[in-house]
């Protein structure tokens, strides 16, 4: 089954290979047994339906909800807590068997662990329950019905009953019900943006215009929309075999794997488990050697294992991630999967789509050429750029022609909105010109009303121009305006307007035109030419009837007024965001379905290709040599066409990804986007992918973190993604990266803080076993630390600010969430000082009450025996069992208070890993509150009446709070000295051994 699935997945990753668009229509009809006039017969349709299956997407195998819930309940860190809980119940049962009057400490601890694991499991399941439902979102794109010609009759069928060979009919507003070969059409345009990323409407025809099935004009694809006109076509693929079906199957079949934070927690579990089991085994053996029974040794072993488990850590990590997710949502990054919060911080490469992510997703007039000069239009989102061109003599004429020679109109319901935010009836280029003209003139409709249109030749693909005839403002006659492909417009002109004067269009002026046209086209911009002509009043008097079908007016010998070029301009914040990525060690790769020239131009504008860095094409153009003669290694950047990528093997792609830091992939298919992501992952990189179309969904799913667009993104891309950018802005990703890296550092600090207290919690049990010392702290008291006083301070680390500017992405092999240096600091250094502080307090109180240290060592058996009701202390005073227990529980409380006090300083030193506390400051208000909070909780547990019976916590004399304070101060001084020496000697011994 696994091999079959793997084979199917590899087939889906292959480029689409079709010949149905290239072969003659008659041959296609013979192959499919159909007819271009009458379609299939009913019997043929039934046979084809059985052969090819229904026109529907096959749902992937899904995991039952109860299994998902069990995975959350028993996976990873939860398993460690389950084991701890079970061991507590076993220890309690053993103690109960040995002594029926045993206290229920282990029972309470087991129940507490059970509660923690069930609650965190339920929370994780709730988060996961909202995750990927990719196939459902594909099904939402399915048309409900389709019009089909069968037996020569037009009938309406359910879309899933359409089969290969059917002759289908579509019109404006219809969704294409399957992959079809166009047999006839009239002014048909389709929206392929969700499939190819091409935002412009694509015209359809019966002619094969490209070998690539995604770019030819005689195919229309399942799920895409008909925007204009009507058409008929023969179905060539249905359901899973359609282009969109292949993408759906590919996206739903991919396994995105474990997130970096999940792998880190798994690594942490291995460390903690190994240490706990090893330590427990060692002390079990020591217990035997000291003469303890196997039952006592087993209880000791279980106690040590449980004492090593950080019970509150899972809840702490979950809450930290949740808080960061909420913070990111306020910055327009909506997280669908909690673990993705940290994954974005681990990102070392971003594969970004162009349209709408790096750019504004609106065509805008970028440049103009008039009066023999190229001027830059204001493309800023708030119109704050340079507008000096408005004073030029040729500008008003160019704007007049652009305003009049257009069918585009603003939608009336958006009249109250700013010009750039209004919707337009018309295609993207028309909308760009209309908005630019509106902002330049104040009111295009006013110009049109004063110079009314009387006739029009609409734009068509054969002529490549549009003409309209208008009344003069003074009603004295007519004039015409024309726009279209620049070369077509120029050939119809005999004069040109320069600085308000009409001069002959000679060879010099044509050369100036060609230079400007090439320069604008080389910037990846769509260029249109504009011209006009004053119709003589004696030949075209008022009331003249203009014929648009057989023009009875001149459409040559016109006056050229200028060029306008349009582009979807970069977002204002993107260049700075790309620069920040670079400084943070993140490689940004553009992966787009757009044309290479346009992609390269935008890449240069946003900084993906740095200023002065050349591609092989640039070098070839500069040296005036063929591209084949350029050494690829001499180029600093690469622009790879999808057709070239198709012919590459994995090694060639890997070589490009390794060698170039600046890469643009253009004209890529969905499968190629996926192959690029897999190639980057082979380099050991963590990959973030951005996208908005259905075509992006496989790459979004495969990436370490998929980032979909919230505004322009399709439902499919959002379901495949881990994160959604609510403002569709690439700059928001950088914010997410900064937050992700910060939370990784802060979770690391939180773990360091949490683990440190395990040593003072564990050491009393070791002293109990090794030196027969009466127990200095109880299990319930430990629980009050792990699930009480330590939780809020640990969570407060999520609010800690960064120590420095965005750092380089971490090396997942070398930089772990928990490493040996963190363990060494928490357990071997700070934890040991805390244990000394706790025992110092313990001995002070015991000594003050009569038991000096030399009396306490070896006293355990008599201390715990109810038979001794007259145990003497160092001064000869006799102690009953009840009095001894009251003193013991008072010491437990004091040890607990001592841990809280030394944890004050531990929390403060964990704020930074390198900087001094005095450099970082105490600006984290939540952490400051946490210090007060844990102190209040400790005081509440100690002094609240009834706690002596519930938790065996006893009120302390006020001066018993002071013995641990010197140790707390010692920890602060020690750590400040360590960090000072680390900063003085970067990379030295201290940094290598203690910097975690």
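Each Cβ is built from the backbone N, Cα and C atoms, and glycine gets one as well.
Because the structure is a prediction, the values reported are computed rather than measured.
For 353, the entry in Swiss-Prot reads active site, 4-aspartylphosphate intermediate, with the evidence type a curator's inference. Following the DSSP three-state reduction, the secondary structure of residue 353 (active site, 4-aspartylphosphate intermediate) is coil.
Residues or ranges marked as ATP binding site in Swiss-Prot (evidence: similarity to another entry): 483. In three-state terms derived from DSSP, residue 483 (ATP binding site) belongs to an extended strand segment. In sequence order, 401, 402, 405, 406, 465, 466, 489, 528, 529, 530, 531 make up the list of same-chain residues 6 or more apart from residue 483 (ATP binding site) whose Cβ falls under 8 Å from its Cβ.
What Swiss-Prot lists as Mg(2+) binding site is 692, 696. Other Cβ atoms within 10 Å of the Cβ of residue 692 (Mg(2+) binding site), summed over all protein chains shown, number 29.
Positions annotated as region 'Disordered' by Swiss-Prot: 191-211.
The annotation transmembrane segment is assigned in Swiss-Prot to 73-93 (among others).
Swiss-Prot lists 107-123 (among others) with the feature transmembrane segment, giving similarity to another entry as the kind of evidence.
According to Swiss-Prot, the transmembrane segment annotation covers 268-290 (among others), on the basis of similarity to another entry.
Under the heading transmembrane segment, Swiss-Prot lists 297-325 (among others), citing similarity to another entry as support. Here the transmembrane segment (297-325) has long-range neighbours at 77-78, 80-81, 83-84, 87-88, 90-91, 94-95, 106, 109, 112-113, 116-117, 119-120, 123-124, 261, 265, 272, 275-277, 279-281, 283-284, 287-288, 335, 338-339, 341-342, 739-740, 742-743, 746-747, 750-751, 754-755, 758, 761-762, 765-766, 769, 779, 782-783, 786-787, 790-791, 794-795, 797-799, meaning same-chain residues at least 6 beyond its ends whose C-beta is under 8 angstroms from one of its own.
Here Swiss-Prot flags 762-785 (among others) as transmembrane segment, drawing on similarity to another entry. If one looks beyond the transmembrane segment (762-785) by at least 6 residues along the same chain, the residues whose Cβ comes under 8 Å of a Cβ in the stretch are 105-106, 108-109, 112, 283, 286-287, 290, 292, 300, 303-304, 306-308, 311, 835, 838-839, 842, 856-861, 863-864, 884, 888-889, 891-893, 895-896, 899-900, 941, 951-953.
What Swiss-Prot lists as transmembrane segment is 820-847 (among others).
Residues or ranges marked as transmembrane segment by Swiss-Prot: 889-909 (among others).
Residues or ranges marked as transmembrane segment by Swiss-Prot on the basis of similarity to another entry: 926-951 (among others).
Classification of residue 692 (Mg(2+) binding site) by DSSP places it in coil, neither helical nor stranded. For the transmembrane segment (107-123), the neighbouring stretch richest in Cβ pairs under 8 Å, chosen from 73-93, 268-290, 820-847, 889-909, 926-951, is 73-93.
Residue 692 (Mg(2+) binding site) sits 8 Å from residue 353 (active site, 4-aspartylphosphate intermediate), counting Cα to Cα. The two recorded residues, residue 696 (Mg(2+) binding site) and residue 353 (active site, 4-aspartylphosphate intermediate), have Cα atoms 9 Å apart.
Residue 696 (Mg(2+) binding site): 34 other CB atoms within 10 A of its CB, across all protein chains. According to DSSP, the secondary structure content of the region 'Disordered' (191-211) in residues is 4 helix, 3 strand, 14 coil. Its own atom aside, the Cβ of residue 353 (active site, 4-aspartylphosphate intermediate) has 32 Cβ atoms within 10 angstroms in the protein chains shown.
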